[in-house]
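Asks: Below, the features straight out of TrEMBL:
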DOMAIN    7-184  domain '3-hydroxyacyl-CoA dehydrogenase NAD binding'
BINDING   Gly11, Gly12, Gly13, Gln14, Met15, Gly16, Asp34, Glu93, Lys98, Ser120, Asn144, Lys275  NAD(+) binding site
SITE      His141  site 'Important for catalytic activity'
DOMAIN    187-283  domain '3-hydroxyacyl-CoA dehydrogenase C-terminal'
Amino acid sequence: MTEIKVIGVIGGGQMGSGIAQLAAAYGHDIWLIDSDPAALTKATNSISSSIQRLVSRNLLSREVGVDALQRLKCSTDLKELHSADVIIEAVVESEDVKRKLFLELDKIAKPSAILASNTSSIPITRLASSTTRPEKVIGMHFMNPPPIMKLVEIVRGVDTSDETFDAIKTLAERLGKTLICSQDYSGFIVNRLLMPMINEAFFALYTGVATKEDIDTGMKLGTNHPMGPLELADLIGLDVCLSIMKVLQSGLGDDKYAPCPLLVQYVDAGRLGRKRGLGVYDYRKLPKPEKSKSRL
Ligand SMILES: NC(=O)c1ccc[n+]([C@@H]2O[C@H](COP(=O)([O-])OP(=O)(O)OC[C@H]3O[C@@H](n4cnc5c(N)ncnc54)[C@H](O)[C@@H]3O)[C@@H](O)[C@H]2O)c1
């Protein structure tokens, strides 16, 4: 099996930056690519403060933290990925954008490179079909935030080889994750179950069943969920939730997955959740968390 040294991550948003941080902390050299230079600046700052937080809580040694930051390189140029052994795509949840990206990556990446997608819901077989190496394309679905959450959902496309599966399984385990494997159907396992619940929480709010606080408290204290569905939607991003519901609706051919009009309206209004400071809840009024005093 090819040794995985250099990992390319595309998309410096909340998932891509978290995946880059995690893989760097486990000793991989990272190229983090985003088409938006501002996203790379934001990603570098958030990785740096996240590492400082982990060090100050003794969850990461200072040496590993310093080493991880040195292993991270950022660029807007996809061509930097020619040296990567594995490329993990974490750009917006749009099939069009991802297919175009896989088409380009297929030309840039070395022939032995594995192309993985962090998609939440889009079938891997469809992304693989825009490349000439479908046997090297696989779903590697991290949970949010990637450095903390223990799960990786692996999705094999129809042509994914055993060799590719074994390499990604080994990588995920080395990153300290527990794996589950899903067949390649829209939404896989986690979002097939999670997103209809979140969508139903929006319907409960939309139809006046209860307040947002009571919906979330009901699920936290009544069913032992660590976060309420509406709080979780804000963490994930309402745009991501909406895209996933649309993929479920069209991919599984069932209107029971039709997105709630309130979810659509919030996204139309730019209320995308925590990343914008406003979603179901308003985060702009919350006091800023205290800056960690420890320095790397
Ligand atoms: N948000 C979550 O909780 C979550 C969890 C698991 C998986 N995912 C999946 O991860 C992916 C990314 O989600 P996110 O929440 O990090 O999104 P995000 O909006 O935070 O970040 C997306 C980033 O991709 C960049 N981008 C867009 N098109 C690009 C391109 N063609 N080339 C390079 N960069 C490009 C954007 O500039 C942005 O910085 C999606 O597929 C999503 O479904 C999200």
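Positions of Cβ are set from backbone N, Cα and C atoms, glycine also.
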Asks: DSSP says what for the domain '3-hydroxyacyl-CoA dehydrogenase C-terminal' (187-283): how many helix, strand, coil residues?
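Replies: Grouping H, G, I as helix and E, B as strand yields 66 helix, 3 strand, 28 coil.
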Asks: Rounded to a whole number, what is the top Cα to Cα distance in Å among the residues the record ties to NAD(+), namely Gly11, Gly12, Gly13, Gln14, Met15, Gly16, Asp34, Glu93, Lys98, Ser120, Asn144, Lys275?
Replies: 21
Asks: Taking ligand 1 as the reference and 6 angstroms as the Cβ limit (strictly under), which binding-site residues among Gly11, Lys98, Asn144 are close?
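Replies: Among the binding-site residues listed, those whose Cβ sits under 6 Å from ligand 1 are Gly11, Asn144.
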Asks: Find, among the binding-site residues listed as Gly11, Gly13, the one whose Cβ has the highest number of other Cβ atoms within 10 Å in the structure shown.
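Replies: When each Cβ's neighbours within 10 Å are tallied, Gly11 leads.
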Asks: Here the binding-site residues are Met15, Asp34, Asn144; which one has the lowest number of other Cβ atoms no more than 10 Å from its Cβ?
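Replies: Lowest Cβ count within 10 Å among the binding-site residues (Met15, Asp34, Asn144) is Asn144.
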Asks: Using a 10 Å radius around its CB, how many other CB atoms surround His141 (site 'Important for catalytic activity')?
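Replies: The Cβ of His141 (site 'Important for catalytic activity') has 24 Cβ neighbours within 10 Å.
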Asks: Non-local Cβ contacts of Lys98 (NAD(+) binding site) (under 8 Å, 6 or more apart, same chain)?
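Replies: The list for Lys98 (NAD(+) binding site) reads Glu89, Val91, Ser117, Thr119, Ile122, Leu127, given in order along the sequence.
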Asks: With His141 (site 'Important for catalytic activity') as the reference Cα, tell me which of the binding-site residues Gly13, Met15, Asp34 is the closest one.
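Replies: Among Gly13, Met15, Asp34, Met15.
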Asks: Please give the average pLDDT for the domain '3-hydroxyacyl-CoA dehydrogenase C-terminal' (187-283) in this predicted model.
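Replies: So the average pLDDT across the domain '3-hydroxyacyl-CoA dehydrogenase C-terminal' (187-283) works out to 98.
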